[in-house]
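Let me begin by presenting the structure, written as structure tokens, before commenting on it.
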Amino acid sequence: MASFSCALVLFLVSLSVASAQLSSTFYDSSCPGALSTINSMVNSAVSNEYRMGASLLRLHFHDCFVQGCDGSVLLDDTSTFTGEKTAFPNVNSLRGFEVVDKIKAQLETLCNQTVSCADILAVAARDSVVALGGPSWTVQLGRRDSTTASLSGANSDLPAPTLDLSALISAFSKKGLTTTEMIALSGAHTIGQAQCKVFRNRIYNETNINPTFANNTQQNCPSSGGDSNLSPLDVSTNTVFDNYYYKNLVNQKGLLHSDQQLYNGGSADSQVSSYASNMASFFTDFASAMVSMGGISPLTGSSGEIRTNCRKTN
């Protein structure tokens, strides 16, 4: 009898471990049209505005780094609840919520309360990269949505654009990501834009910067005022997902302090040089790193919920 009980416990433990694993086929029977629906809606949004591709990719990143990939970044504040949207790295900066709302509404029509908001973010990030010419990867699915969010977590865990290399390595390491993965994921800055307030100090006060690049960038980012004026993170090809981000770093044209830290006489220089000369290598490593990032502390099994509206709990 004791051996039977022991076997039963082992079986239940193995079952719970198995249920916690994400799977690329998670919606194949429960919502077979899910991935194609997300794909077509992301393609439409990105073709309407190229910058949206970067915004959707960033949503997934900012979700995963706070409480894991659980859709917490999408929750709106209420009178009794403060979410992550007003955290310093997110406020007046994160975009793409309306696109996620549209995708969710379509999926609710297709298969009610089946596809999580966290999974929408993961798939939309991949489809955005592909839409702008970047690599594809197999997205692991089966995340569930949190019923909580963390303003303090967003303020403390999201890497700031002012970080030095050692602090960047530490911030990613805390999430289980290697230095190699950190450098590859930073290549997401080959698309998108940043606000003047986050790079002003670099273009006016730092010395490891191309003088012409600094001067040109200053034209749209005065020494005071114009805080929300935008400049491309990749000055060369900011609407194409390629390896010019790394080529720019080699030429001291990183827009953010944290960008140029990856090529500043330190331990990351060789990997940046490799990506600058070999786009295929960058694409392979980026795709692999995105799978790793997408696997940070997901809610699975009976944890969390499947929100019907990504902005609020059920």
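Including glycine, each Cβ sits where the backbone N, Cα and C put it.
In TrEMBL, annotation is done automatically, which means it is predicted and not curated.
The signal peptide annotation in TrEMBL covers 1-20.
For Cys31 (disulfide bond), the number of other Cβ atoms no farther than 10 Å from its own Cβ, over all displayed protein chains, is 16. For Cys31-Cys111 (among others), the entry in TrEMBL reads disulfide bond.
Long-range neighbours of Ser72 (Ca(2+) 1 binding site) (same chain, six or more residues apart, CB within less than 8 Å of its CB): Asp63, Val66, Gly83, Glu84, Ser146, Thr148, Ala149, Ser150. If you look up TrEMBL, you'll see Asp63, Val66, Gly68, Asp70, Ser72, Glu84 marked as Ca(2+) 1 binding site.
There are 28 other Cβ atoms within 10 Å of the Cβ belonging to Cys69 (disulfide bond). Residues or ranges marked as disulfide bond by TrEMBL: Cys64-Cys69 (among others).
For Cys117-Cys310 (among others), the entry in TrEMBL reads disulfide bond. Note on Cys310 (disulfide bond): other Cβ atoms within 10 Å of its Cβ, all shown chains, come to 22.
In the structure as shown, the Cβ atom of Pro159 (substrate binding site) sits within 10 Å of 21 other Cβ atoms. Sequence annotations record features per position, and here TrEMBL assigns substrate binding site to Pro159.
Residue environment of Cys221 (disulfide bond) contains 24 other Cβ atoms, counted within 10 Å of its Cβ in all protein chains. Look at TrEMBL and you will find Cys196-Cys221 (among others) tagged as disulfide bond.
When the CA atoms are compared, the recorded positions lying within 10 A of Asp70 (Ca(2+) 1 binding site) are Cys117, out of the candidates Cys31, Cys111, Cys117, Pro159, Cys310.
Cβ packing within 10 Å was compared across the disulfide-bonded residues Cys64, Cys111, Cys117, Cys196, and the lowest neighbour count falls to Cys111.
Taking the mean position of the Cβ atoms of Asp63, Val66, Gly68, Asp70, Ser72, Glu84 as the Ca(2+) 1 site, the remaining residues of that chain whose Cβ falls within 8 Å of it are His62, Cys64, Phe65, Gln67, Cys69, Gly71, Val73, Ser146, Ala149, Ser150, Gly153, Ala154. Distances between the Cα of Cys221 (disulfide bond) and those of the recorded positions Cys64, Gly68, Cys69, Cys117, Cys310 are shortest for Cys64.
Taking CA atoms as the reference points, Cys64 (disulfide bond) and Cys31 (disulfide bond) are 24 Å apart. The two recorded residues, Gly68 (Ca(2+) 1 binding site) and Cys117 (disulfide bond), show a Cα separation of 13 Å. Cα of Cys111 (disulfide bond) to Cα of Cys117 (disulfide bond): a distance of 13 Å.
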